[in-house]
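Colleague: Here TrEMBL flags 8-185 as domain 'Josephin'. Positions annotated as active site by TrEMBL: Cys21, His122, Asp137.
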Amino acid sequence: MRKVIMSEGEVFHEKQRLELCAIHALNNVLQEQVFTKETADDICKRLAPQCVVNPHRSMLGTGNYDVNVIMAALQSRELAAVWWDKRRTVQSLCVDKVQGFILNVPSRVSLGIMSLPVKRRHWLAVRQVNGHYYNLDSKLKSPVCVGNEADLRTFLSEVLSPDVAEMLLVVRRDVEEYGTWLNSDDIRK
């Protein structure tokens, strides 16, 4: 796993390997290498100890971990994943209470330089580092600066516009418990 250092300061960025985008998204949102294929496989075994074929990862053992693995991994770090209700506008987010975003988006499958007419699900991370938000998609060569909070809201709105895109908010457990990831006007709704 490689770390990319950018001129604006250090930004941790793992690059795509196998089908490990969930692990890369977790590490990128945490800004350090915390999880590995082995730790994710251990989580899968804990989630489905009696299963011969584990439903939380690829049968081939190359990754492709599901949301349950991401949620359990975050819980092991005293964090929570809040599934974003896309009926809300991203303007209702209290961005200061969110440590990062993990998005699940459709992604083209390619073999070498050839792109196949098939789409699979892909996990990617977005997070603030040194006052700027970065797209930390493991398929990118390096992190891409999204910009400030207004730019982040525009970016998230665009990424979430397809019906099939989803978002998890990575928050502290108390933020999840009290719902403070929403602006105070939206908590009452």
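Backbone N, Cα and C define each Cβ position, glycine as well.
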Colleague: Averaged across the domain 'Josephin' (8-185), what pLDDT does the model get? Just tell me the whole number, please.
Modeller: 86
Colleague: Using a Cβ-Cβ cut-off under 8 angstroms and a sequence gap of six or more, which residues of the chain neighbour His122 (active site)?
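Modeller: Sequence-distant Cβ neighbours: Cys21, Asn104, Val105, Pro106, Ser107, Asp137, Lys139.
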